[in-house]
Amino acid sequence: AYYILCRAPYEIRGNMKKFGITKLLGGGVYKAAYPLHDCRFNVKSTEERCPNERFLLYKEWAHPKNFYKMQPLDLIRKYYGEKIGIYFAWLGFYTFMLALAAVVGLGCFIYGYQMQESSTWSKEVCDPEIGGKIVMCPQCDLCNYWMLNSTCDTSKKLIIFDNFGTLVFAVFMSIWVTVFLEFWKRYQAELEYEWDTVEFLEQEEPPRPEYEAKCIYETTNPVTGVKENVPFTTCGRCFRVSIGIGTVLFWIVLILASIVAIIVYRLAVFLSLSVRLKDAGDLKNLEPIKEYVTPQMATSVTAGLISFVVIMILNMLYERVAIWITDFELPRTRTDYENSLTLKMFLFQFVNYYSSCFYIAFVKGKIVGYPGKPVYLLGKYRNEECDPGGCLIELTTQLAIIMGGKAIWNNIQEVLLPWAKNLIFRYCTRSTSQKAEPPRWEQDFQLQPFSQLGLFYEYLEMVIQFGFVTLFVASFPLAPVLALINNLFEIRVDAWKITTQFRRIVPEKAQDIGAWQPILQGIAILAVATNAMIIAFTSDMIPRLVYYWSFSLYEGHTDHSIKGYINSSLSFFNTSAFSDATMNAQVERLSNITICRYRDFRFPPGHPREYEYNMYYWHVLAAKMAFIIVVEHIVYLTKFILTHVIPDVPYTIKERIKREKYLTQVILHESKLKLVTKHLKPFVEDMSSQKEAEKENEVELSEF
């Protein structure tokens, strides 16, 4: 019925032909067009032959109290169609697989939490005789000297996430994501067979009405050889695609510009807080004004919040632009339209959501120079430095803010927004004279219309979350736990929303999750590299291992030990080597400090190669590169083996499909035999009658 409504002509003027319910809705001729719910969601219908499927879905699935129950996928598919059914099947399977990852991640977090008091290098930072006597160089031009033990609390928090368990968990998640995708393919194949969509893609998909309405150029179909109309020439198509690509690149550059602005904000705020929070009279209280407040932490938290706000604003603006670009490109079929929009939206969202995390993980603190020769951004702002323990704790903070804020914001939007709109609409259209219950179509008219792209945003939300869970899990083992909790609510929130707050959705067939499948596979491949690089370049694990297995023996220890690592990882700097501009800016510095320390592996002052990288630096760099190569090859090999060992289609399903094809061939063969027999029957009868006549003649002749 919907197919006919979208193509039914309603006006013809000369060569102009107007058709489709969509155009009539856009012109205001009709207010709405939608299929009806079979009953109210919370009251069972008393009408005869009413299946009450909506009531049953709400009672057994959409109600929040059913969060622990399995989803009735067959009923969902029957009521809403295969496209909605496959989404909830994927979301439920993803949530089920997250349970295992959440348990392992929680165990890794507990392991790190118990280690924070027993960590040797953390104890050295907090020790008044070690960290309390190490004077650190200023981290900005207007900053003062600070004591290493002022970061005692930060180092204890860092140990929770920067430990050997994190490495094990990162490797586990790289394998988990492969197992998840392979088993999802198997589960998807089962649903394809049960829902009879195995050969759906082999059927020709009709063009969209919007495409058909613009067909004015004649061309020859390369497949059928039949002449058909298209909406644009080859040059016109190239022009439209070029406009789309240029617009997407412009918005990606805009995101990168916002990231640079946030970086400048971080530098400026860190400089301001460092000046305000210092106390030149007491060296022990230079940095923190309270137990947990430091310029580094305050800058990270505020920058994370601002980054989240910028992400959400750009997201809302770009959604409109992406839809406009895709409409302008005029894809032929519904599948082409969704795939084109999916690619544009995901490229933008990937840069929008993940760029700040990539900056903290792989850029911040990597290009800072040394105290006597720092590197400046835009010639004015000195590049940020990491804490003595690294930038991992800041990456963890950023992930927690974005993941938590995004989950809260999306759930508020999905629950409160449609509920408030329906409430306001019912209040504005209420009738005081009407006493009887309004008809079904009028009750459904008071609900929110379900956008044709509504399911697209649900997929996008989950895929972005999937990226956070896999790409940066080495810095935040609790990411699967947060994702699991969010998804348990997400399933019921989405179910409640489409069952109670939206009009019934026009059913659509779907064989799989479409373009999202290769996107998930791409994220899974990228996750191996990002997690290996986070452990190598963002965490402090590799330098500690190099010191433990190699350089600790040169420090006077008789056996491998981590003692003395902090002192070994901090280089010396002569304060007299500060530049004149830096010295003039630091008028409040204490004059009795001649040597300060900074986080790097360089030769000390007075050495023939002073302030150049020492042998420790090159050993650590070689160990980092070797770690990345070894881990990536091992994990990729494991993923390759799992991909080929686990078949995409279960053996039983293959046998059933073969059985059905065999029975189909048998039926076709028998039907053809019956058809041939039917056509040959008169001829056979004639032949038999002729033979009988000949026999009678022969008998008569013999008697004669």
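Using the three backbone atoms N, Cα and C, a Cβ is placed for every residue, glycine included.
According to TrEMBL, the domain 'Anoctamin dimerisation' annotation covers 2-73. What TrEMBL records for 76-660 is domain 'Anoctamin transmembrane'. Annotation source TrEMBL lists transmembrane segment at 87-113, 164-184, 248-277, 297-318, 341-362, 463-485, 519-539, 616-637.
Residues 162, 166-167, 170, 173-174, 177-178, 181, 342, 346, 360-362, 366, 390-392, 395, 463, 466-467, 470-475, 624-625, 627-628, 631-632, 635-636, 639 of the same chain lie 6 or more positions beyond the ends of the transmembrane segment (519-539) yet place their CB under 8 Å from a CB of it.
Annotation: stretch 248-277 has the most Cβ pairs under 8 Å to the transmembrane segment (341-362), among 87-113, 164-184, 248-277, 463-485, 616-637.
Between the transmembrane segment (463-485) and the stretches 87-113, 164-184, 616-637, it is 87-113 that has the most C-beta pairs under 8 angstroms. Across the residues of the domain 'Anoctamin dimerisation' (2-73), the predicted structure has a mean pLDDT of 85. When Cβ-Cβ distances below 8 Å are used as the criterion, the transmembrane segment (616-637) is approached by residues 171, 174-175, 528-529, 532-533, 535-537, 542-543, 545-546, 550-551, 568, 600-602 of the same chain, each at least six residues removed from its ends. For the transmembrane segment (164-184), the residues of the chain that approach it from at least six positions outside its boundaries are 90, 93-94, 97, 100-101, 104-105, 107-108, 111-112, 469-470, 473-475, 477, 480, 520-521, 523-524, 527-528, 531-532, 534-535, 539, 541, 631, 634-635, 638-639, 642-643, 646, 648, judged by C-beta separation under 8 angstroms.
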